[in-house]
Ligand SMILES: Cc1cc2nc3c(=O)[nH]c(=O)nc-3n(C[C@H](O)[C@H](O)[C@H](O)COP(=O)(O)OP(=O)(O)OC[C@H]3O[C@@H](n4cnc5c(N)ncnc54)[C@H](O)[C@@H]3O)c2cc1C
């Protein structure tokens, strides 16, 4: 058994780390200051500029197929890079990406939606959650009714990331109420903001925030259906599925950086004439964090590796998401404890992480939904105890 990275994986990971350390981390203090003033830590124009710089380093479209100018990286490499991204709290991500389900678009739609999203000229958002349907996404109600060459959409989506900035949405709507959304009753539509939906920003405990999208008699041409009629729920699950190993990959980077800060503090902060790291109470928090970081790393990499094998990654990804999201919350909490009062201030990023990582246990499938999937797979014999080694 070989747990090491290949030379190529190491080289790409290290180049990403170098870029983030040299180009992104120096912006951290300014980002913290801006966020304290309730401004974005990084302006869109600054993000685009950094993304262009990264492109020159070779980082463009981590998951984007080569025919669209991307790197088309294997999932393991994407995971490693998302961990690097997690090391900085500046809201940077590499450019050249588009929602994975936009590749289901036809050629005209690709020109109108996919290509400009990859280029960063258009901003998308994906909308399935509604005020009455989150975990139970098959219970959505936003209705699309056929009227000649158009569909007329009515209803509300909520908690939509980028919802306030997007100029188009991929919205999943009920097209056949006689069927459950999960059984062919829902369809995905590509809807320009100019077609008439409006957004309302939602304040959250995190930086930035999602939005509600309100549809009142919004007319959408039939040609704007993404994929097939009745395929909306399946596409929605594909969109959510991608984040299931990338969110914990990101969490791992946050936890590693935070734990590094705790080590440094434990080795320098003195109380009662000795470094706090000489106390067993502090040592145990460090040790427990290190164990959990390592455990998460291997669950996450196995989930990504499962994707690369072409196997069904749902079980492995749910375990990685459940454990990775819980792990980062526990680690950041301990890191704050080790920093005492300083950890609670806005001088340091710890309280920011504390707010940020709480979301990881909620969105793209709550902890409880991951547990539901994992236990259901076991109970139905879809997976074996011991996984692929069993
Ligand atoms: C900041 C943010 C960004 C988001 N971005 C997007 C986005 O871009 N697009 C999008 O479509 N959605 C998005 N979401 C929505 C997110 O995916 C949902 O909030 C999440 O799936 C949970 O749904 P809910 O909030 O309706 O909670 P509910 O489903 O109402 O659940 C409430 C609680 O009950 C638990 N629960 C529910 N059912 C069960 C059960 N059967 N057994 C045990 N426990 C259960 C849940 O785990 C949770 O703890 C975002 C949410 C947030 C907060």
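Positions of Cβ are set from backbone N, Cα and C atoms, glycine also.
Just so you know, TrEMBL annotations are computer predictions that nobody has curated.
Per TrEMBL, the feature domain 'Acyl-CoA dehydrogenase/oxidase N-terminal' maps to 6-121. Summarising the annotation, TrEMBL assigns domain 'Acyl-CoA oxidase/dehydrogenase middle' to 125-199. Per TrEMBL, domain 'Acyl-CoA dehydrogenase/oxidase C-terminal' is recorded for 230-378.
Within the domain 'Acyl-CoA dehydrogenase/oxidase N-terminal' (6-121), the DSSP-based counts of helix, strand and coil residues read 77 helix, 0 strand, 39 coil. Each residue in the domain 'Acyl-CoA oxidase/dehydrogenase middle' (125-199) gets a DSSP state, and the totals come to 9 helix, 37 strand, 29 coil.
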